[in-house]
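Pulled from TrEMBL, these are the features on record:
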- 176-189: compositional bias 'Low complexity' (COMPBIAS)
- 431-441: compositional bias 'Basic and acidic residues' (COMPBIAS)
- 451-465: compositional bias 'Acidic residues' (COMPBIAS)
- 168-189: region 'Disordered' (REGION)
- 431-465: region 'Disordered' (REGION)
- 481-530: region 'Disordered' (REGION)
- 7-25: transmembrane segment (TRANSMEM)
- 45-67: transmembrane segment (TRANSMEM)
- 74-91: transmembrane segment (TRANSMEM)
- 97-123: transmembrane segment (TRANSMEM)
- 198-220: transmembrane segment (TRANSMEM)
- 241-268: transmembrane segment (TRANSMEM)
- 288-307: transmembrane segment (TRANSMEM)
- 314-331: transmembrane segment (TRANSMEM)
- 337-358: transmembrane segment (TRANSMEM)
- 370-388: transmembrane segment (TRANSMEM)
- 400-420: transmembrane segment (TRANSMEM)
């Protein structure tokens, strides 16, 4: 049951991330209709993006706090309900201020969702979260891909209705021109614009509503105590340099996400202005970047099951550095521009989910920690594209977007070794444990050495005692034999016959006192000479 519940949570997270991607991406194709709905030009309602970004930042911070004190499934379900309400209300907004407020609310809910999805995936799978995080972010890319398709299908249907209405209007114009002019000044276009994109928002909002119901069902199966048991058990795994590590990863994600969004936003303009491509070629180049990005995120689901997060990050950073270098200095070659864009998109696909899975191996990732990562990514998405746009306006003949991609790649490739060094720094308790272990080993080896020396000394002392006993016994035996033997001068047969028996009794002549071989032979020769 526990394994089935974990897979259900993972599937619900992927489904909700798909809806999050559609919610963010649907604004692009419907943006002109939103501007017409509030009676503004497209360039006059840029502040709705600012409102959504600010709400996203606030929601990320708020979500980091709330996830540490309430049930994650319940918070995600409530946030999705807020997103659904905002999506249902946007098509009916005819005032720019109300539209901006609704965008801020949706941005706040999305910030909570983005933080909560990553945290809940880590809580659910722990050290096995790598493939699931890759699947999560692949679902976001798939949602961003599907939203324009849904919007365009809706808009095409409304365009056919507009053509039918135009024919009817042209016929009525011949009968009553003043009526036609009066009709053009009435607020009827607002209703028409509402019909243009109403179903796109309704479809996406309804989808998110169904996913939120599933999270309410998961909430009934779990409790807040269960959600917080895992991080409480992992407190002893907090890295020695936890907050410096989190701060560096904050900056790392800022440069990474900023470079990703900047290149995806400006490569179309670069292709037309600097590479002198047609609009179709520029759009194809942009599609190559995002296409390889999405494909590699899908492939990373399986790659994360065999490769560690550090290995995937290293491979991505090396490919990013190589491709951004080629784009910055060799993009005037058409082939390198196409290949570099494809490799750059592929290299950017796995860094964010791999970074979250990597830091989870070394320290505890709670709601506040994950919110900082999301805030860093959101700031990079806001600041770096704006800075590149400003610099590109000041320096028209400089490909700022390519140099920005190169600088961001160099920053990330320099930051990661520093983070890796901090993550692997031994903690104080680890150093103490190593010191205690070495002390125990030293004491144990010394005790063994002392025991060996004592055994050797006992052996030597026992050998010396035995040796002396043998020597004393030999001396006594020799004395007794000499005393019992007759004293015959010269070479008497008795002495000669006695000598072999004496040698047999004494053993090897080398073991006698003074240890000199031939001592006995010398005495025999002296007796003979005498």
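Each residue, glycine too, has its Cβ placed from N, Cα and C.
By the Cβ criterion (under 8 Å, sequence separation of 6 or more), the transmembrane segment (45-67) is not in contact with the transmembrane segment (337-358), since fewer than 3 such pairs are found. Tallying C-beta pairs under 8 angstroms between the transmembrane segment (370-388) and each of 97-123, 314-331, 337-358, 400-420 places 97-123 first. Of the two recorded stretches, the transmembrane segment (241-268) lies close to the transmembrane segment (337-358), with three or more CB pairs under 8 Å once pairs fewer than 6 apart in sequence are set aside. Between the transmembrane segment (7-25) and the transmembrane segment (97-123) there are 3 or more Cβ pairs closer than 8 Å, counting only residues 6 or more apart in sequence, so the two stretches are in contact. Cβ atoms under 8 Å from those of the transmembrane segment (198-220) belong to residues 5, 8-9, 12, 15-16, 19, 22-23, 26, 30, 71, 73-74, 76-78, 80-81, 83-85, 87-88, 90-91, 147, 150-151, 154-155 of the same chain, restricted to positions at least 6 beyond its ends. A contact between the transmembrane segment (288-307) and the transmembrane segment (400-420) is absent, since fewer than 3 of their C-beta pairs, 6 or more residues apart, lie under 8 Å. As a quick check, the transmembrane segment (314-331) and the transmembrane segment (74-91) miss the bar of 3 or more Cβ pairs under 8 A, pairs 6 or more apart, so the two do not touch. Only residues 6 or more beyond the boundaries of the transmembrane segment (97-123), in the same chain, are considered here, and those with a CB under 8 A from a CB of the stretch are 9-10, 13, 16-17, 20, 23-24, 34, 38, 45, 47-49, 51-64, 66-67, 72-73, 75-76, 79-80, 82-83, 85-87, 89-90, 129, 132-133, 136, 227, 230-231, 356, 360, 365-367, 370-371, 373-374, 378.
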